[in-house]
């Protein structure tokens, strides 16, 4: 889990727009966040396997 202070800091509106960055809405992880879902790859995978993300299915070819 991310530091609570960093999660709180990220939720505030930055003084300059370029300072904003993505964090996972579920766990607060700052890296590998899918913008469309606002989830990191780990949380995305967990929710997708549980079927809690509508329209997402495992690829097979």
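Including glycine, each Cβ sits where the backbone N, Cα and C put it.
Features of the protein shown, as given by Swiss-Prot:
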- 24, 27, 40, 43: Zn(2+) binding site (BINDING)
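The Cβ of residue 27 (Zn(2+) binding site) has 14 other Cβ atoms within 10 Å, all protein chains considered. Residue density at residue 40 (Zn(2+) binding site): 23 other Cβ atoms are found within 10 A of its Cβ, drawing on all protein chains shown.
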